[in-house]
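K.L.:
Quick one: structure below, then a few questions.
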Amino acid sequence: MCETPIGCHTPRRCNRFIDSAALIDCTNKTNQREHSPSFSIEIPTTPSRKRTLASSHFQTPTKRIKYELGELQEEKTDLYPNFPAQLKENKKPKLPTTPQTPKTPKRTIQIVTPKSLNRTCNPVPFATRLLQSTPHRQLFPPTPSTPSTPSYNSTAKLSLRKSYRSAGVVGRENEKSIVESFFRQHLDANAGGALYVSGAPGTGKTVLLHNVLDHVVSDYPKVNVCYINCMTINEPKAIFEKIHSKIVKEEILENEDHHINFQCELESHFTQSANELYNPVIIVLDEMDHLIAREQQVLYTLFEWPSRPTSRLILVGIANALDMTDRFLPRLRTKHITPKLLSFTPYTAQEISTIIKARLKTAATTSEKNNPFTPIKSISEVSDDSINVVSQHADETPFIHPAAIELCARKVAASSGDLRKALDICRHAIELAEREWKAQHDNTLSSVDIPRASIAHVVRATSAMSQSASARLKNLGLQQKAILCTLVVCEKTSLSVADVFEKYSSLCLRDRLIYPLTSSEFCDVANSLETLAIIRLRTKQRNGKPQDRIISLLVPEMDVITAVGDIGTLKRFFDRR
């Protein structure tokens with residue numbers, strides 16, 4: 001058996017032996033250990049470059065620099081014992097460095113902007129800061145505005161708004177008695193119950209419920225009333241969290257199934273055995289049809305709670321659909337827990353006329369008490385003829401001619417019976433009459449010569465309300481179009497009036513082409529847009545502030561963009577910056 005001796009090596013392994021003497025010594029020791037004869041085969045290989053230890057470590061530029069700096073001597077003496085002694089003792093002299101030309105110091109000039117002496121460090125509120133402009137960039141000086149005195153017709157226009165709550169309900173006496181008896185019957189018996197109120201839009205459902213609840217709360221102070229508009233809820237399951245926050249008012253840790261936790265907490269609260277532990281609860285869910293889902297489990301749960309034996313929950317649902325319980329909730333009839341149904345029919349022409357006249361007379365009484373225009377006369381200056389004139393005018397309908405009210409009521413009753421539309425027409429007619437009066441006279445109104453809206457004003461207001469959206473947008477003013485452009489830029493459906501005013505002010509001050517309105521002027525312009533059925537203003541709570549009302553567009557966004565297409569000032573509202 002022939003073994004390859006260690007001396008026989010391949011070209012790749014030959015580099016492992018640094019010294020030839022070490023290679024011969026290793027071969028001799030192997031031959032002495034093995035007594036059998038051996039021979040070696042020499043294979044021609046490529047001769048490798050001979051590298052000396054000193055040159056291999058000091059000929060490269062990098063390591064030469066290390067040697068010059070004196071660092072290599074300390075690093076290599078421990079690794080290589082045979083390091084030359086001369087290199088340990090002697091150091092090469094440092095190479096002379098090229099002298100550098102000294103740099104001339106540059107001259108720096110510091111520019112300091114002078115500070116204004118009138119600058120104060122007091123914090124400015126954000127709403128005030130929006131309406132302030134930079135002095136050196138102001139394109140036009142703000143014109144000082146004279147405080148405007150509220151007109152005599154402002155009370156009348158306020159009474160014709162949709163959010164106005166009158167002292168009594170006109171034209172719904174039968175429905176009011178049914179709702180009052182329902183509440184009193186269940187509150188006296190300490191039992192739960194369910195009521196479903198249906199009817200077309202503008203038939204007085206929400207107004208009547210608010211009026212009845214005010215009397216119920218005054219007669220039963222311990223009752224807890226919870227009113228929720230379901231249009232403010234993103235998904236049907238979120239109704240449990242909304243009710244829990246208003247009734248139980250206890251915090252629950254949120255997790256993936258936090259809606260189920262709120263539901264279980266409410267169910268245990270409404271169905272506990274000891275009825276004395278909690279007061280009766282009345283829950284009013286306006287726009288209840290927004291809770292309709294695929295399986296309707298949320299609605300079934302809500303209507304099942306009042307039917308429990310120990311429940312003291314009174315549930316009232318309000319929606320437009322007349323047959324919502326029969327079409328979407330058929331299992332309620334199977335379980336014999338069908339709620340009490342109450343349907344509101346559309347208003348007749350006589351009812352609409354009666355409601356408008358009652359509101360205008362109430363507004364006239366309020367205006368006479370707070371009227372700043374009526375001059376105070378002494379008793380000697382008042383004649384018998386003036387007393388007869390005052391008594392004669394007291395019997396007439398103020399602000400609008402009775403024939404004009406009848407015309408408006410008949411037109412609305414023939415089309416839809418929506419009271420809100422009739423109120424908008426009458427308010428717009430008063431604005432038209434007031435505008436004509438100010439154009440012809442010295443821009444003042446007096447209680448002696450109040451311009452009553454005539455039939456011509458009602459006809460013009462009706463035609464303006466019945467126009468297409470594009471035609472109505474075309475006739476708007478610059479500030480009205482600016483507010484609509486702001487709504488399009490916001491790209492959200494649930495914004496309050498305060499949020500839209502903040503965005504509107506920032507857009508006007510960004511381009512400095514339109515001077516923004518004040519907060520009160522902004523609300524007036526928004527109310528005029530609501531009169532033209534271009535936007536919708538609705539309150540989130542019963543006693544909400546005007547700035548907290550939710551504002552939304554009733555016309556397509558493309559119609560707004562088309563209406564402002566030829567106005568370059570408003571086009572910049574859509575620029576992204």
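Keep in mind that glycine also has a Cβ here, set from the backbone N, Cα and C atoms.
Worth saying up front: this structure is predicted, and the values here are computed from it rather than measured.
Grabbed the feature section from Swiss-Prot, which reads as follows:
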- 30-57: region 'Disordered' (REGION)
- 37-57: compositional bias 'Polar residues' (COMPBIAS)
- 84-107: region 'Disordered' (REGION)
- 136-155: region 'Disordered' (REGION)
- G199, A200, P201, G202, T203, G204, K205, T206: ATP binding site (BINDING)
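Describe each of these features in terms of where it is and what it packs against.
P.N.:
A C-beta separation below 8 Å, combined with a sequence spacing of at least six in one chain, links T206 (ATP binding site) to D286, I318.
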K.L.:
For K205 (ATP binding site), which residues in the same chain are close in space, meaning a Cβ under 8 Å from its Cβ, but six or more apart along the sequence?
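P.N.:
Listed in sequence order, they are V197, S198, G199, I318, F344.
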K.L.:
Looking at Cβ-Cβ distances, which residues of the chain lie under 8 angstroms from G202 (ATP binding site) while being 6 or more apart from it?
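P.N.:
Listed in sequence order, they are P346, Y347, S416, G417, D418, L419, R420, K421.
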K.L.:
With the ATP site defined by G199, A200, P201, G202, T203, G204, K205, T206, which remaining residues of that chain have Cβ atoms positioned within 8 Å of the Cβ centroid?
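P.N.:
Those within range, site residues removed, are N320, F344, D418, L419.
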